[in-house]
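Note sheet for the following structure.
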Amino acid sequence: MSDSKSSASTSEDRLYGSAPSHDVPKRKTRTHHLQAMKAEGERWAMLTAYDYSSARIFEEAGIPVLLVGDSAANVVYGYETTVPVTIDELLPLVRGVVRGAPHALVVADLPFGSYESSPEQALASATRFMKEGLAHAVKLEGGERVAPQIAAITAAGIPVMAHVGFTPQSVNSLGGFRVQGRGDAAEQLVADAIAVQEAGAFSVVMEMVPAEIAGQVTRKLTIPTVGIGAGVECDAQVLVWQDMAGYTSGKTAKFVKRFGNVGDELRSAAAAYATEVRAGTFPAEEHSF
């Protein structure tokens, strides 16, 4: 590198901060790695991510799988449910996450209305996320009813993560946020999980499912199960990162554990910044050129 290029790089680092160093050797996470981890009894964590900066942090924390969820409808765009969010709204988020976490397996949610009509519609939507979003896999909700869609997508060489139990896109038809798979419904949940595996899914999310049933499904399937409100026997767990880190305020679901208080920290930092600006103490001499 020439002295001029080195000097320019140093100047940019001073202005904007240098890129993070990745001291720990990492491999690119792929679907067969997750399959091997299930075989070895090794659990793994998945988080949602919606931008470059959070994805970078989660990769540094050792999270192997990141989901650009349609939950962006709630935490990014402020919709009340996941139903309104579109492919065009999700694609830029996927691209940012892929760039921020080059070693993670990045899964993109197919939003409501983008796959239900036919296998052809599902494949077209999944292809957009792979070509335009650079995602590594897609996720869609439903069991037996979407098995043809899963089969069509996987036949085209696109990995699919399935999602059974409570499916947020169907919140209106399910009568609200309710635990699924209780009583007589347990048999259908098991059938749904088997159907998505047979259709070619590489893993399946189980949301708001009784822990006992989720454990039975996990033992029955050869693909990894990912729990969210489905007990500890699943092969992996997933949470929305804003819930996990305490970024969101107000009441959270029973299955959420807050591992931090990011919201309080950010609020305090913003308030301190505003106070110093009003007082004329920021920027100080050391922050000026």
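Each residue's number is its place along the chain shown, starting with 1.
The backbone N, Cα and C atoms fix where each Cβ goes, glycine too.
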Using only what Swiss-Prot says about Mg(2+) binding by D109, E141, identify which of D70, D184 is listed for that site too.
D70
So for E141 (Mg(2+) binding site), how many other CB atoms are inside 10 Å of its CB?
25
Restricting to the chain of S71 (3-methyl-2-oxobutanoate binding site) and a gap of 6 or more, list residues whose Cβ falls under 8 Å of its Cβ, or answer none.
T48, T82, D109, P168, V240
Which has the fewest other Cβ atoms within 10 Å: D70, D109, E207, the recorded positions listed?
E207
Give me the Cα-Cα distance between K139 (3-methyl-2-oxobutanoate binding site) and E207 (active site, proton acceptor), rounded to a whole Å.
13
Would you count the other CB atoms within 10 A of the CB of K139 (3-methyl-2-oxobutanoate binding site), including those on all shown protein chains?
25
